[in-house]
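Annotations for this protein, taken from TrEMBL, read as follows:
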DOMAIN    41-285  domain 'G-protein coupled receptors family 1 profile'
TRANSMEM  25-48  transmembrane segment
TRANSMEM  60-80  transmembrane segment
TRANSMEM  92-114  transmembrane segment
TRANSMEM  135-153  transmembrane segment
TRANSMEM  199-221  transmembrane segment
TRANSMEM  233-256  transmembrane segment
TRANSMEM  268-287  transmembrane segment
Amino acid sequence: MNWVNKSIIQEFILLDFSDPPWLEFLLFVVFLISFVMTIFGNLTIILVSCLDSKLHTPMYFFLINLSLLDLCYTTCTVPQMLVNLCIIRKVISYGGCVAQLFIFLALGATECLLLAVRSLDRFVAIFQPLHYSRLCLQLAAASWITGFGNSVWLSTLILQLPLCDPYVIDHFLCEVPALLKLSCVETTANEAELFLVSVLFHLIPLTLILISYAFIVRAVLRIQSVEGRQKAFGTCGSHLIVVSLFYGTAISVYVQPPSPRSKDRGKMVSLFYGIIAPMLNPLIYTLRNKEVKEAFKRLVARVF
């Protein structure tokens, strides 16, 4: 295996789920449908939440941020995947790989923090409703800045590693674990740093979310009104489902130690939280949310 100078790297070859070959058409159809549904669902949430004054609350402000994240997730990865499913030689340019790595890391870290902040939002809404609207913009901005700052640091560490020829990425996107396998040098220190970052951005926020919801559940059980209790559980329940989907899949990739089956597991899990979860999130947030349904009806009536 030969070292490769990054200045002469033109592209990476991607290995995806194209074995057997007949699977490509099925995957293309599934990914295209998921992509369209994700764009439509998340754009609808953003438009409804922005245009309806009754939804101008901290809860929907954070929901707009999460929907924007899901839009960025899919537009960062799915178009490239759809193109590669239509061609024999599946490649991504070096610049495209760097951009995809940076954006994917930034969005992932930001979503970890935003989900934790949204659980804090639910906590404050129940325990201190008079202070409900404070610091929302600052918390959201801090989440985005921290997420992108972490991506700058981690991407720089990964891209400084010397790579080996042939540079074939055994994945359908440029993700950290797959890129580490291309390195010609020992990556133990890099893997340790990745594990530390994963603990900071996955396990710690998840722990805070679980603690806050333990207090929330105890507070909700004290509510005398059955309707109020059902509304509180419905609102918090949708957030917990999204938290479970995101953190469960992300932790299985970045926190669990590698195993002989981790290669295929990593592909499937990345497929889930990068494509399937952004498609499901709008449905999870809106199916049991009467406020969003009513706001959508008002928007449709106003347009037509």
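Going from the start of the chain as shown, residues are counted 1 onward.
The backbone N, Cα and C atoms fix where each Cβ goes, glycine too.
Heads up, TrEMBL stuff is auto-annotated, nobody curated it.
The shown structure was predicted, so the numbers you read here are calculated from the model rather than taken from an experiment.
Have a look at these and tell me how they're positioned relative to everything else.
For the transmembrane segment (25-48), the list of distant contacts is 17-18, 55, 63-64, 67-68, 70-71, 74-75, 78-79, 81-82, 85-86, 275-276, 278-279, 281-283, 285-286, 292, 295-296, 299: same-chain residues at least six beyond its ends, Cβ to Cβ under 8 Å.
Long-range contacts of the transmembrane segment (60-80) within the same chain, counting only residues at least 6 positions beyond its ends with a Cβ under 8 Å from a Cβ of the stretch, are 31, 34-35, 38-39, 42-43, 45-46, 49-50, 92, 96, 100, 103-104, 107, 110-111, 114-115, 117-118, 121, 136-137, 140, 143-144, 172-173, 242, 274-275, 277-279, 281-282, 285.
Tertiary neighbourhood of the transmembrane segment (92-114): same-chain residues 6, 9-12, 14, 62, 65-66, 69, 72-73, 76-77, 80, 84, 140, 142-144, 146-148, 150-152, 154-155, 158-159, 169, 173-176, 179, 197, 201-202, 205, 246-247, 250, 274, selected by CB-CB distance under 8 Å and a gap of 6+ residues from either end.
Nonlocal intrachain contacts for the transmembrane segment (135-153), taken as residues 6+ away from its ends with a CB within less than 8 angstroms of a stretch CB, comprise 58, 61-62, 65, 102-103, 105-114, 117, 120-121, 197, 201.
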Averaged over the domain 'G-protein coupled receptors family 1 profile' (41-285), what pLDDT does the predicted model reach?
80
